[in-house]
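These features come from Swiss-Prot:
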REGION    1-225  region 'Pyrophosphorylase'
BINDING   7-10, Lys21, Gln73, 78-79, Gly140, Glu154, Asn169, Asn223, Arg328, Lys346, Tyr361, Asn372  UDP-N-acetyl-alpha-D-glucosamine binding site
REGION    226-246  region 'Linker'
REGION    247-449  region 'N-acetyltransferase'
ACT_SITE  His358  active site, proton acceptor
BINDING   Ala375, Ala418, Arg435  acetyl-CoA binding site
Amino acid sequence: MLTVAILAAGKGTRMTSLLPKVLHKLSGKTLLQRVINSCNELKPDKIFIIVGHKSKEVEESVLKNKNIHFIVQNPQKGTGHAIQVLSQEVKKHEGNLMVLNGDVPLIKAETLRDLINFHDSKTADVSLITSRKKNPHGYGRVFTKNNLIERIVEEKDCNKDERSNLLTNAGIYCFSWKRLSKIINTLKSNNKQKEIYLTDTISLLKNSYSFEVEDNGELQGINNRVQLSECEETIQTLIKRKHMLGGVTFINPASCTISEESIIGLDVIIEANTHIRGNSRISNNCRIGPNSFIKDAIINENCEIINSTIFDSKIMDHVKIGPYSHIRPNCEISSKSKIGNFVEIKNSQLDQEVKVNHLSYIGDSKVGKYTNIGAGTITANFDGAKKYQTNIGKNSSIGANTVLIAPINLGDSVTTGAGSVITEDSKNNSLAIARSKQINIENWKKNKS
């Protein structure tokens with residue numbers, strides 16, 4: 001049996017934030033959720049999350065699962081105290097207890113599984129992940145003999161000689177609960193910080209093993225925003241490398257960010273300063289960017305998106321969008337359509353080969369195939385209290401600077417005169433003009449007063 005305890009009670013003072021440290025995000029997921037996800041792959045019987053600072057916010061952030069339980073540590077007196085609090089909940093547990101911090105977002109399930117296997121193979125009381133760091137500043141030092149841990153000294157308690165040791169404590173433990181439960185409540189706060197350290201269990205347990213792994217970045221804990229940024233860069237490098245090896249070209253990968261959930265097809269070209277977020281799906285032979293932002297969008301084959309933003313919409317094949325277009329949620333742009341300069345579309349369906357080339361707003365609308373929307377067209381869909389639908393049939397031509405006052409229905413092959421304000425429905429094959437008659441006054445003299 002395996003129980004997991006994730007320590008997430010701390011404030012994270014060095015983050016200089018109103019947000020609990022474990023709720024800061026990497027590539028769209030909180031630090032804590034990333035740790036939970038890795039632990040879930042081990043299929044533990046239970047995961048206990050030890051919370052404290054802003055505990056309600058932390059609990060609400062976690063994706064609910066029947067094997068996840070929360071325990072409040074109040075006050076927070078250190079890592080050892082957290083497990084003392086936990087011990088009141090798991091008195092009859094049999095098997096292993098894995099303990100890790102909620103701020104190691106890059107930890108892999110494979111590494112955790114290897115730790116458990118190592119621990120079981122040694123019949124250890126405790127096994128601890130360790131690594132050698134070129135710069136061990138901020139980490140507790142681990143002192144071993146024949147792979148058995150003699151002691152761990154927190155950096156704040158290290159003397160000069162102890163600080164020179166490069167073997168560090170990653171803060172990830174696998175305990176035999178049967179043995180740990182006998183000594184956990186004997187821990188004292190005999191240190192400079194007046195905290196109860198979990199590391200003090202090492203001297204009280206007989207078979208304490210070091211499980212040394214290569215420091216490849218996955219053990220990085222997050223204590224400040226510099227480290228947060230470094231981890232973000234690590235994640236993004238891995239994501240983009242995977243896509244490049246899978247057939248995607250990045251013109252300037254360092255300037256782009258891609259969510260882990262996004263799927264990108266073959267021969268897609270991602271230009272500089274492009275960001276693809278959420279559950280986006282981009283099919284083969286598309287060109288995205290430069291300077292584009294796409295979130296939760298489906299983009300079919302052979303599309304071109306330039307300097308534009310697309311949210312939660314579906315773009316069919318051979319569509320060209322941009323530059324400077326904004327596709328807001330709940331839009332569907334059908335095949336071979338063209339959305340051009342400074343166009344905003346919201347909650348609308350455009351049938352195939354529709355052209356909206358310039359300076360237009362299309363909201364809460366349905367536009368039939370082969371229709372051309374002239375420059376400056378506005379669908380006036382909001383009366384200050386309620387939004388209304390605009391329907392435009394196929395093969396229509398909407399003149400420049402037309403305002404369509406919704407609710408309104410234009411049939412097939414309707415033409416509107418440039419500058420018109422259309423307030424009434426128009427039937428098929430009609431011309432709709434609604435504008436003031438031009439008056440020319442000769443010999444006009446401007447009043448200079």
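Just so you know, glycine gets a Cβ as well, placed from its N, Cα and C.
A map of Swiss-Prot features onto the structure.
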residue	record	Cβ within 10 Å
Leu7	UDP-N-acetyl-alpha-D-glucosamine binding site	26
Lys21	UDP-N-acetyl-alpha-D-glucosamine binding site	26
Gly78	UDP-N-acetyl-alpha-D-glucosamine binding site	24
Gly140	UDP-N-acetyl-alpha-D-glucosamine binding site	22
Asn169	UDP-N-acetyl-alpha-D-glucosamine binding site	25
Arg328	UDP-N-acetyl-alpha-D-glucosamine binding site	16
Tyr361	UDP-N-acetyl-alpha-D-glucosamine binding site	19
Ala375	acetyl-CoA binding site	19
Ala418	acetyl-CoA binding site	15
Arg435	acetyl-CoA binding site	15
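Less than 8 angstroms from the CB of His358 (active site, proton acceptor) sit Gly340, Asn341, Phe342, Val343, Gly374, Ala375, Gly376, each of them six or more residues away in the same chain. When DSSP labels each residue, the region 'Linker' (226-246) comes out as 20 helix, 0 strand, 1 coil, counted as helix, strand and coil in that order.
Under DSSP, Lys21 (UDP-N-acetyl-alpha-D-glucosamine binding site) is assigned to a helix (H, G or I) in the three-state scheme.
Same-chain residues that are not part of Ala375, Ala418, Arg435 yet have a Cβ within 8 Å of the Cβ center of the acetyl-CoA site turn out to be Gly374, Gly376, Gly399, Ala400, Asn401, Thr402, Thr416, Gly417, Gly419, Ser420. Residue annotation for acetyl-CoA gives Ala375, Ala418, Arg435. The furthest Cα pair among them is separated by 17 Å. In this structure, the CA atom of Gly78 (UDP-N-acetyl-alpha-D-glucosamine binding site) is 72 Å away from the CA atom of Ala418 (acetyl-CoA binding site). In this structure the alpha carbons, written CA, of Arg435 (acetyl-CoA binding site) and Tyr361 (UDP-N-acetyl-alpha-D-glucosamine binding site) are 20 Å apart. Look at Asn169 (UDP-N-acetyl-alpha-D-glucosamine binding site): DSSP puts it in a strand. On the backbone, the CA of Arg328 (UDP-N-acetyl-alpha-D-glucosamine binding site) and the CA of Ala418 (acetyl-CoA binding site) stand 26 Å apart. If you take the Cα of Tyr361 (UDP-N-acetyl-alpha-D-glucosamine binding site) and the Cα of Ala418 (acetyl-CoA binding site), they are about 16 angstrom apart, rounded to a whole number. Here the Cβ of Ala9 (UDP-N-acetyl-alpha-D-glucosamine binding site) has 28 other Cβ atoms within 10 Å, regardless of which shown protein chain they belong to.
According to DSSP, Leu7 (UDP-N-acetyl-alpha-D-glucosamine binding site) is assigned to a strand segment.
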